[in-house]
Every structure is written in C-alpha cells, then in structure tokens.
Amino acid sequence: MAAGGAHTATIDTHEGRLEEVEQARSALLLKLPNVAHESVPVGGGEADNVEVRRHGDPPAFDFDPQSHADLGPALGIVDFERGVKLAGTRFTVLSGAGARLSRALIDFMLDLHTGEHGYVEVAPPFLANPTALVSTGQLPKFEDDLFKIDGWDLYLIPTAEVPLANLHRGEFLDRRDLPLLYTAYTPCFRSEAGSYGADVRGLIRQHQFDKVELVAYTRPEESYAMLETLTGHAEAVLQRLGLAYRTVALCTRDMGFAAAKTYDIEVWLPGQGKYREISSCSNTEAFQARRAGIKYRPDGKGRAELVHTLNGSGLAVGRTLIAILENYQQADGSVVVPEALRPYMRGLEVITPR
C-alpha cells in the first residue's frame, strides 16, 4: 500500500515537471520567427531589399513641393496641435475636406476590393483577445507594441489582419471554398515602442491610423500565386489614384516575424523626395494557421493539412492621404482631388484653404 502511494506521488511529480517543460518549450517556440522562402533575397537590412518593379513617374513641379505636414495645416484640414491636446503626441485631428478625403479613400478601397477583386467585406471588432494575437504572431514577442485594455484581457488591434486571420481559428475549411478572400476597414493602434524620434513630423507614424486590410486563406500550392495577386490588388489602388510607386522584395533580415516572403509597396512622396512604404503584403505560409489550428482536407476526406494565410494593406489610409496631398499639390497651396475619388467627395475637384 505504501509502495503504491509512493509510486503515485512519483508519477504526480514527474507529470508536474513534464507540464512545466512543455509550457517552457511552447513559450520558446512562440518566439521563433517563420522560415524565409527560398526566393527571398538574403540580406542584413533595408539596403539589401530588391526592387521588383516601378509604376508611374513622380510628378514634376515648377515650384518647391511642400510636405503634407505643412500643406495640411495650411489648408485647415489637418490639425496636429489639437490631436496632441486631445490624446498626446502622434495623434491627429482631420476635419472638413481632410476628414471627408479619409472617408472617401476607405469607401473607394473597399468598393474596389469587393466589387472588382472578389473580397468579402467584414466589419470586425476593434479589440482582440490574447489567443487571436498569438495566432497572428503579435504575442508574445511584440506585446510592447500593443495597447492593452486595463482590467480586461483584451488589446486594441494593431491591424485588421488579426481579426480577419482569426475568423476561421480552430476550423476545418472546405477545400472547395478556397481561396477565401476578406477585406476590412479598421482603425489600428500601435505604441510604436522603440521608434521615438523617427518621423516625428506629420502623419507617417501615428499611434492610431486607419487601414483597409486584405487577407486570404489558400491551399499551400496556391499561396505564392496568391501573393502576387494580392500584391497586385494593393497596387491597383495606387494605379487608380495616379500615384507613382515601386514594389520591393524584402530581404531576410527586413521581413516581419510571421512572414515567409514579403513585398513592400512604396509610394513616391515629393515632400520627402523619396519612396515610402504604404503597403506590406506577406505570405505567412502555415505559420499563422498552425498557431490558429486552421486546416482543410485536400481530397475532402483523409488526412488534414494546414492552410496558408496571406495578408496585405490595401492600403494604409493615412499614408495614401499624405501621398495625395503631396503629389496633387498646386503652386498656390491647393490640392487637386484625384478623379477616382471625386464621386466619393461629392464632386469636389480642388481642396482650397478654408
């Protein structure tokens, strides 16, 4: 009897130790990034990224182009000071034609992606639980970049990728339904920990910004073709708006934690005299699906496999607004509204100072 009790106690001790080891192993695995695809350029940083293509020519001005950080306030449509008064640094107030332009961009992007590119529009929560953020790779490694709700086990979403890539968490998908394409507009919230001092002027780097996101669920053998397609869908927004851009393949060191391959789309900003990122389109392969438990059966029965998930900005609304202000500015300080947006702007053709 005593021997049996001792044996039971030994088993309990080992089982407790095993659970500790498994938890430590799981915590360690969650900090390991995705493996880069063989086609990704090997490099140590931004300088090693490879330009894939360019579209359009930067506008030629017969005057010195202004930055949006000067144009917006002069037009009375961007107010940095009141944003600081209301919420602190890296928050901004848009008003009048600025607020309308932002809303027009959201509607234009969603109409394009749902009407021509085949995405299903989703209106998700702007808060997410830890499980959702672990699934997409934000937790546990990047918790310092998130805003957590005090007293709640919830975070403000850093991107609509989080809810969209978790829509089918823990589900078996029907192979006949793949690919699944989703788009959503959401505000995004990021603490930008470690980025203080970078892009301190203007709208480039904000704690709160609007974005239209694209997410796709695909069969593994189709995911890299989908990456090209999804990137093309994001590029189409810039083409319709008449904005010059280039697309670059990120090198191994410059890619995000969850990505196996990423294209950045960079729009030309005359006020800075260079291209700046406006979209990042990635194939995460099975990285997110493995964490989220999203599977399908290739033959409709038999062994289950993980789907591949992809995501991309289609586009970042604030940075698109920046690009319009800077590329469509006139010598008198006014800004021409791109033709594609005029139906969404009640026919307004030129933004002039209020």
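Note: Cβ is positioned from N, Cα and C throughout, glycine not excepted.
TrEMBL does not curate its annotations; it predicts them automatically.
Quantities reported herein were computed from a predicted structural model and do not represent experimental measurements.
TrEMBL annotations:
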type: DOMAIN; residues: 100-338; note: domain 'Aminoacyl-transfer RNA synthetases class-II family profile'
type: BINDING; residues: Thr159, Arg190, Glu213, Asn311; note: L-serine binding site
type: BINDING; residues: Arg190, Ser191, Glu192, Glu277, Ile278, Ser279, Ser280; note: ATP binding site
For the binding-site residues listed (Ser191, Ser280, Asn311), most other Cβ atoms within 10 Å of the Cβ sits at Asn311
Residues near Thr159 (L-serine binding site) by Cβ (under 8 Å) yet at least 6 apart in sequence within the same chain, in sequence order, are Thr186, Cys188, Lys211, Glu213, Asn311, Ser313
Averaging the pLDDT values of the domain 'Aminoacyl-transfer RNA synthetases class-II family profile' (100-338) gives 96
For Glu277 (ATP binding site), which residues of its chain lie six or more apart in sequence with Cβ-Cβ distance below 8 Å?
-> Asp264, Ile265, Glu266, Arg319
Which of Glu192, Glu213 (the binding-site residues) has the most other Cβ atoms within 10 Å?
-> Glu213
Output, ordered by sequence, the same-chain residues six or more apart from Arg190 (L-serine binding site) with a CB under 8 Å from its CB, or 'none'.
-> Asp145, Leu146, Phe147, Pro158, His207
Note: in the chain of Ile278 (ATP binding site), residues six or more apart in sequence with C-beta under 8 angstroms of its C-beta are Leu238, Tyr245, Ile265, Glu266, Val267, Ser313, Leu315, Ala316, Arg319, Thr320, Ala323
With ATP as the bound species and Arg190, Ser191, Glu192, Glu277, Ile278, Ser279, Ser280 as its recorded binding residues, calculate the greatest Cα-Cα distance and give it in Å as a whole number.
-> 19
